[in-house]
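According to TrEMBL, the features are:
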- A:13-544: domain 'Cytochrome oxidase subunit I profile' (DOMAIN)
- A:27-48: transmembrane segment (TRANSMEM)
- A:69-95: transmembrane segment (TRANSMEM)
- A:115-137: transmembrane segment (TRANSMEM)
- A:158-180: transmembrane segment (TRANSMEM)
- A:200-222: transmembrane segment (TRANSMEM)
- A:268-284: transmembrane segment (TRANSMEM)
- A:296-318: transmembrane segment (TRANSMEM)
- A:324-348: transmembrane segment (TRANSMEM)
- A:360-383: transmembrane segment (TRANSMEM)
- A:395-418: transmembrane segment (TRANSMEM)
- A:438-460: transmembrane segment (TRANSMEM)
- A:480-502: transmembrane segment (TRANSMEM)
- A:511-527: compositional bias 'Polar residues' (COMPBIAS)
- A:511-538: region 'Disordered' (REGION)
- A:557-580: region 'Disordered' (REGION)
- A:571-580: compositional bias 'Basic and acidic residues' (COMPBIAS)
Amino acid sequence: MAYPEHEHAPHSFWTRYVWSQDHKVIAVQYTITAIAVGLVALVLSNLMRLQIGFPGRFAFIDANHYYQFVTMHGMIMVIYLLTALFLGGFGNYLIPLMVGARDMVFPFLNMLSYWMYLLAVVVLMGSFFVPGGPTGAGWTLYPPQAILPGTPGSGGGIVLMLVSLAIFIVAATMGGLNYVTTVLQARTRGMTLMRLPLTVWGILVATIMALLAFPALFVSAVMMLFDKLLGTSFFMPAVVSMGQALAYKGGSPILFQHLFWFFGHPEVYIVALPAFGIVSDLISTHARKNIFGYRMMVWAIVIIGVLSFVVWAHHMYVSGMNPWFGFFFATTTLVIAVPTAIKVYNWLLTLWRGDIHLTVPMLFAIGFVSTFVIGGLTGLFLGNVSTDMPLSNTYFVVAHFHMVMGVSPILAIFGGIYHWYPKVTGRMMDDTLGKLHFWVTFVGSYAIYFPMHYLGILGMPRRYYAYDNYAFIPPSAQQLNAFITVAALVVGAFQLVFLYNLARSAFNGKPSGSNPWGSASLEWQTPENPPGHGNWGPALPEVHRWPYDYSVPGAEADFLPQTSTSPLGGDDAKPDKDTP
Amino acid sequence: MALAIVLVALVISAVLFHAFSPWWYTPLASNWALIDTTLSITLLITGAVFIAVNVFIAWCIVRFRHRDGHRAAFQPDNRRLERWLIALTGVGIAAMLTPGLFVYADLIRPPPSAAVIEAIGQQWQWRFRLPGPDGQLGSTDVRFIGPSNPFGLNPADPRGRDDILISEPEVHVQVNQPVKILLRSQDVLHDFFVQPFRTRMNMVPGMVTSFWLTPTKTGRYEILCAQLCGVGHFNMRGHVVVDDETGYRAWLGKQRVTLASFTPPPRTTSTAMAGGSPTTALVSQGQALAQSKGCVACHSPTTSAGVGPGWQGLYGKHERLAGGTMALVDEAYLREAITVPNSKLVEGFQPVMPKIDLNDQEVNALIAYIRSLSTKPAATTAQQ
Amino acid sequence: MNDATLARPPSDAAARLGLWVLIAVITVLFLQVIQAYAVRSDSIDWQRLPALPLLGWNTLTLLLASIALQAAATHQRRRIALRAAGLFACAFLIGQLVAWQQMRSAGFLVAGNPANSFFYLLTGMHGVHVLGGLIAWGLLMIRARQGADITSGTRLCARYWHFLLLVWLLLYSVLFLIPPATLQVICGGG
Ligand code: HEM
Ligand SMILES: [Cu+2]
Ligand SMILES: [Cu+2]
């Protein structure tokens, strides 16, 4: 095939780095933007922890600010950092390289997607500067509270939040169209679906989920905007707010919750599935061993994706919905634990009898497994409807979701960045700084969140600005909170090490060579490193095997790249045969 | 290697933390011991998995660490092993789910003998309603809510005429008597959460939700709001007192306010308190009002600001208002601030203060109380 | 290895798949609102809207736009059919605006009854998607003016229009034909 894109290779600085349609550049733009807002969210979380750990000591954090910080922190982390970074960052960079395409199939749409995302971020940040400040309704934005005056930022703040979300969803849809179509249509010769790396599988299924789940959030955002700005009563019942009867009538706050969680639960897996994929690839590469049970892993990803659309109301056990739903949703929720457990077993079995190199990406990958397991296990408490009763809306929930969708995906992201950094820049990140970053983040996260479960079991409710004079909370809980705060500050501060490493290594890092980790998957087989425009030079690569041919018996090197034509390993090794 | 050690250390410290943690459920005070049991089963199973996974990883890291000349085994799959693991997981899941669902079946089926009480949430206070002698609660609607009918009782419903209205944030229930708690909210979502009872439910404006329990231990328990309800959420406090039968009867006998007798207390003319130092009776009335009307949700009796300014040292101070002007906090200022909320806004605060129903005498009591919180009552020295 | 993924020119097949994915997303979007409609229509304050005669005419224009595009996609006399399609689509949008106006002057305001709110919301959302289609149509016209081959583009445009027509028919039946009780049964209630 000819190499038509080449003529369009960009020349000026602007077309190359700003208005770029190259998936690699867009990926970096997404990543940098996401990390930048993520830093804002991190600072907000540390401010909240200051108030909880040392109440009243920092007078500028009053209750209004606290609730605004909680809300912006949660929303930024979940949507604007994690979703954007996994799909817009990793998805954009890796999909074309891993499937052997020259770019996304709709490069212009891809560029538009980034600029829409940036616009969403700008609108969101703008809400810090409107009168009344950003919304303090909690990241769940439950009405009626979100748009009534007892909540900070119930004027411009909530409006900008909803508008920003709507823009984000448009951006995510543009990106998503690209990722799905590229994976399904632009794979190179020989790249069958069952030869895709699990990273691509994770991102593909997560993208499909995003495409189907985000409309629910879009609809709820638009309907809430109607309620706020036009006075409709979609979600607003008749209320007497602050002594005043308002004109709303007959709306259903629970309807909003259904819509929100129909998006919100899949969102957890939109973040988790790419992390699953990335971690699978990291573990396999750095343990020099094929991923155990590849087919099973793919099916687990697909089944989790499907099931996660029928568990949403486990967030609503005590919402006042029809109580009979509880049986159904508790059952589906616990059933989803089975495919999830399979994934964990297969990671463990990949390590087993491997040749484990404890590189920095591998440290993060193993850290992911450990933290994901604890978060998954505590999920069983909250999914099982009766055990959720005493725990719902306590710090147990905060600890649970931070472990499962805060810490563990972030560790996967870090692992992924350390792993693919040489691909993007041609240089290695500093190993010592990387290890320092890992140890503090990993151990620190345990120090923050492990004890937090116990505060939840004690009954400390979440989203509390202060806990003065509650008789059932012993003074020792305050000391524990102070400890947690210190740990959070340390973890927060050490992210600077990562940023420093990230920035410095781009210029001073050790040159990496073309395949520093000895990885078998296609993205490391480009003719240039970092890959040039069009990725593959004059001819597209041809794929002959799955991406996990590590330590194949008889082969000379301990890996066979996907492009290798060696008769060893390959698809014949993969079929499901019982091995002794 | 270090990672193996750290993983094992994490497991050991987790187990130790669990063993020595002083933070654990509050002692159970209701019939829901089965919830605690299910929780313990879940903890046992998940704890075992947590330990097993981390120890297994640590062992792999040591046993299969990279050594020169060593190669990984090539093993794409092992169907038999995977099937075993799935089956085992299934059994574990079933062991947690089954008791959970049985408990839940009970949780949503209140016994017919249950007494009925109603809790009403409002930003940021609790109120309660008990059926009168007819044993029935009258119907309600938000549109009936007004100064003389803050509970929104339907005036046309005869069942509601004898309902007992409790405007303080404290309610009593009788020990060993199943009780079904109906929940209502007049503004936003709230949640009625008493940790020692284990069960709970959201309060949703526009509908009536409920849950039930049998209190099993006498005592005074804190009610928390556990659903974010705005800026005063963390301070929406109440109490539920579990009494024995005689205690409960005695308490019930003292609750006499019904819709008919609710009419706000007659308006007394402004007392002669100008200049004179406030009497202690007035001050303590004010203090009680600050509690019962929910002022304390936002105003602390110290200098520290909550949702609204703290009250200590407020009287006599010069406040900077939004827009930059200064105002002396005197009696007139306080009266206006209380009776016409948000007319003047102190810099740095949101206009969120509700209009609270108070007669002149009650306003005076509140002012007296706020005044008493400033050390030098007559001081007008400007302090920032 | 039988390999269906040989290096195919990405453009045409990819664009077709992309459109299908887009159609799936938009379908989910409308189904979500209809689900919300079903739940909300269960409340006592619900008052159904009368169907405006004008909406019938609007349906017709949308149908004509669809037919014209189909003609453009399958026949050689592309230019005229394409123009006609754009015209009909514009007529539809204007008709919808007039319908809003008529509803308003008949006293059915957005915030009046939830049924009104849903009417404005659903027709508005649909209108925005028609507008999006018109932009695509405009780009197509520009490409045609430049003499580019627009065969596959026209086909995609036609497909999108048929889809919009189907969505509109669905919305019309939900708003005016299917009784709320039936809808609640279909959507599983709330
Ligand atoms: C050092 C890292 C972090 C710290 C110290 C931290 C701390 C906190 C704190 C103190 C709260 C408020 C608890 C409350 O008052 O209820 C919170 C809420 C939250 N955090 Fe984090 N967090 C961190 C990272 C993350 C990450 C990576 C995510 C990504 C998923 C995340 C997602 C959330 C969400 C969704 C909420 C709930 C917001 C709400 O209640 O509306 N956090 N976090
Ligand atoms: Cu969920
Ligand atoms: Cu609350």
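From the backbone N, Cα and C atoms, a Cβ is placed for every residue, glycine too.
Note: the stretches the transmembrane segment (A:268-284) and the transmembrane segment (A:158-180) are not in contact (fewer than 3 CB pairs below 8 A, sequence gap of 6 or more). In this chain, the transmembrane segment (A:360-383) lies out of contact with the transmembrane segment (A:69-95); the count of Cβ pairs under 8 Å, excluding pairs fewer than 6 apart in sequence, is fewer than 3.
Long-range contacts of the transmembrane segment (A:395-418) within the same chain: residues 31, 77-78, 82, 85-86, 90, 268, 271-272, 274-275, 278-279, 282, 359-365, 367-368, 371-372, 374-376, 378-379, 381-382, 429, 434, 437-438, 441-442, 445, 448-450, 452-453, 455-457, 460-462, 498, 502, each at least 6 residues beyond the stretch ends and with a Cβ under 8 Å from a Cβ of the stretch. Within the chain, the region 'Disordered' (A:511-538) has long-range Cβ neighbours (under 8 A, six or more residues past its boundaries) at 3, 5-6, 9-10, 22, 24, 94, 96-103, 188, 191, 197, 281, 285-286, 288, 359, 361, 419-420, 422-428, 547-550, 557-563. When each of A:27-48, A:158-180, A:200-222, A:438-460, A:480-502 is checked for Cβ pairs under 8 Å to the transmembrane segment (A:360-383), A:438-460 comes out on top.
The list of residues near the transmembrane segment (A:438-460) in space but at least 6 beyond its ends in sequence, with Cβ under 8 angstroms from a Cβ of it, reads 360, 363-364, 367, 370-371, 374, 378, 390-391, 394-400, 402-403, 407, 410-411, 414, 467, 472-473, 477, 480-481, 483-484, 487-488, 490-491, 494-495, 497. Across the compositional bias 'Polar residues' (A:511-527), DSSP helix (H, G, I), strand (E, B) and coil residues number 4 helix, 1 strand, 12 coil. Across the domain 'Cytochrome oxidase subunit I profile' (A:13-544), mean pLDDT in this model comes to 93. Of the recorded ranges A:27-48, A:158-180, A:200-222, the transmembrane segment (A:480-502) has the largest number of C-beta contacts under 8 angstroms with A:27-48.
Within its own chain, the transmembrane segment (A:27-48) has Cβ neighbours under 8 Å at 20, 58, 61, 65-66, 69-70, 72-73, 76-77, 80-81, 84-85, 88-93, 114, 117-118, 121, 124-125, 417, 424, 488-489, 492, 495, 499, counting only residues six or more beyond its boundaries.
Listed as Cβ neighbours of the transmembrane segment (A:158-180) (distance under 8 Å, sequence separation of 6 or more from its ends, same chain) are residues 71, 75, 79-80, 83-84, 87-88, 91-92, 95, 104-106, 109-110, 112-114, 116-117, 119-121, 123-124, 126-127, 130, 134-135, 137, 141, 146-147, 151, 203-204, 207-208, 210-211, 214-215, 217-218, 221-222, 224-225, 228-229. Tertiary neighbourhood of the transmembrane segment (A:296-318): same-chain residues 194, 198, 201-202, 205-206, 208-209, 212-213, 254, 257-258, 261-262, 264-266, 268-269, 273, 276-277, 280, 325-326, 328-330, 332-333, 335-336, 339-340, 342-343, 346, 382-383, 385, 388-389, 392-393, selected by CB-CB distance under 8 Å and a gap of 6+ residues from either end.
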